[in-house]
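Lifted from Swiss-Prot, the feature list:
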type     : residues : note
CARBOHYD : ASN20    : N-linked glycosylation site
TRANSMEM : 23-43    : transmembrane segment
SITE     : TRP41    : site 'Seems to be involved in pH gating'
TOPO_DOM : 44-97    : topological domain 'Intravirion'
REGION   : 59-88    : region 'Disordered'
MOD_RES  : SER64    : phosphoserine
COMPBIAS : 71-80    : compositional bias 'Basic and acidic residues'
MOD_RES  : SER93    : phosphoserine
Amino acid sequence: MSLLTEVETPIRNEWGCRCNDSSDPLVVAASIIGILHLILWILDRLFFKCIYRLFKHGLKRGPSTEGVPESMREEYRKEQQNAVDADDSHFVSIELE
């Protein structure tokens, strides 16, 4: 006998649930959470390229350069690159006794 026939049985020409605890608040909350989880999972699978591209490129953006002259933007880029280059040459040697 399948699980479907054990849970749902025809009652007066309609399909109903034999479960008497379906009005229990915990069962209702679990059902709502399950449905929301399913909806979010479907949306994630449908739009994952858009969502993760937004996070990937959106979170890596630097400070806004709107209204800043191009010469100052170039100077800022050079300072950032110099800071990265300077960090590459510093190493810490730790000796354990």
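Positions of Cβ are set from backbone N, Cα and C atoms, glycine also.
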TODO: Note down the number of other Cβ atoms within 10 Å of the Cβ of TRP41 (site 'Seems to be involved in pH gating'), including every protein chain shown.
DONE: 10
Open item on the list: DSSP on the compositional bias 'Basic and acidic residues' (71-80): how many residues come out helix, how many strand, how many coil?
Closed with: 10 helix, 0 strand, 0 coil
